[in-house]
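Q: Below are the structure tokens for one structure; questions will follow.
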Amino acid sequence: MASTKEKLITHVSKEEPAGPTNKVTVVGVGMVGMAAAISILLKDLTDELALVDVMEDKLKGEAMDLQHGSLFLKTHKIVADKDYSVTANSKVVVVTAGARQQEGESRLNLVQRNVNIFKFIIPNIIKYSPNCILLVVSNPVDILTYVAWKLSGLPRNRVIGSGTNLDSARFRHLMGEKLGIHPSNCHGWVIGEHGDSSVPVWSGVNVAGVFLQGLNPDMGTDKDKEDWKSVHKMVVDSAYEVIKLKGYTSWAIGMSAADLCQSILKNLRKCHPVSTLVKGMHGVNEEVFLSVPCILGNSGLTDVVHMTLKSDEEKQLVKSAETLWGVQKDLTL
């Protein structure tokens, strides 16, 4: 007796379709992981999304919840398992797993807790997706990107930290608020550590090619009557503020991760401030990962843009590197 499906459909093709070339895995289905997942889905970036976590019930529930929205998405396959075989042949793997930053806790304080988690995660990712591009989002992101690079054995162009992509977005949002202009037309870069020692490049801040330091030479200094310095302070404080108010950050960092995935998967060659190995640049001598403007495309991080920094900006960047190295050198990998 023929089934309903057999009565409805005549199968024509004998060929098994090839797997997707744009598969994305998100490791960790916490607030950040799910914000990244939904942002990636809503941008139509992937034909297959895989989710992995150690918490099986939470993982199953999140996957079901997304699958129930399949009608509203263009991603035909959403899979989830605690077994990493589900991640096989991913093009991009977004790592958001790790211990969560507590109220008042610095990102650097999180570090050894998350290093131990990475020792399990990274080898499993590489086992099933040896050709993937790793996008590290877990904090402290710069140190954990270094850790992922060391543990994975991947070339540096395929290990990227989300870095100050979000800090720069926050900066441009606040700059836009101050000027009454959309953030996409407010150009400013925050580089260095994703965290307390990040460096705002005031010398490059511009709108429509008009450099604001040309209009206000004191911009970013203590002498500035308009107190633009407070814009960067708000960038640094914003995560702490959001954590204090709602307990965690999720939406903006999720959108930031999807933004980076888009540049990679669509081969856009867009320039982003992301965390990469900066040894030998801007006077940094240690093997640290920090954010500088990088071009992202199909093979990962293809180029680094050499910023023209003022001496005080370069000094701050070196100080940022020293802060990270101080923590990094004592890690047990």
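In case you wondered, yes, glycine gets a Cβ from its N, Cα and C as well.
Predicted, not measured: the structure shown is a model, and the values here were computed from it.
Checked Swiss-Prot, it gives:
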- 30-58, ARG100, ASN139: NAD(+) binding site (BINDING)
- ARG107, ASN139, ARG170, THR249: substrate binding site (BINDING)
- HIS194: active site, proton acceptor (ACT_SITE)
Q: State the Cα to Cα distance, in Å, between LYS58 (NAD(+) binding site) and ASN139 (substrate binding site), rounded to an integer.
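A: Each residue's Cα considered, LYS58 (NAD(+) binding site) and ASN139 (substrate binding site) end up 21 Å apart.
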Q: Run through the Cβ atoms and count how many others sit within 10 Å of the one on GLY30 (NAD(+) binding site).
A: 18
Q: How big is the Cα-to-Cα gap, in Å, between LEU42 (NAD(+) binding site) and HIS194 (active site, proton acceptor)?
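A: HIS194 (active site, proton acceptor) has its Cα 26 Å from the Cα of LEU42 (NAD(+) binding site).
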Q: Note down the number of other Cβ atoms within 10 Å of the Cβ of ALA50 (NAD(+) binding site), including every protein chain shown.
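A: The answer is 27.
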Q: Which of the three DSSP states, helix, strand or coil, fits ALA50 (NAD(+) binding site)?
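A: Where ALA50 (NAD(+) binding site) sits, the three-state DSSP reduction gives strand.
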Q: So what sits near VAL54 (NAD(+) binding site) in its own chain, CB-to-CB under 8 Å and at least six residues off in sequence?
A: LYS82
Q: Non-local Cβ contacts of ARG170 (substrate binding site) (under 8 Å, 6 or more apart, same chain)?
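A: ARG170 (substrate binding site) has long-range Cβ partners VAL190, MET234, VAL235, SER238, ALA252.
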Q: Between LYS58, HIS194, which of the recorded positions has its C-beta surrounded by the fewest other C-beta atoms within 10 Å?
A: LYS58
Q: If you measure from the Cα of ASN139 (substrate binding site), which of the binding-site residues MET34, ILE38, THR46 is the nearest?
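A: Result: the closest of the binding-site residues to ASN139 (substrate binding site) is MET34.
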Q: Below 8 Å Cβ to Cβ and six or more residues apart, same chain only. Which residues does that give for ILE38 (NAD(+) binding site)?
A: LEU66, GLY254
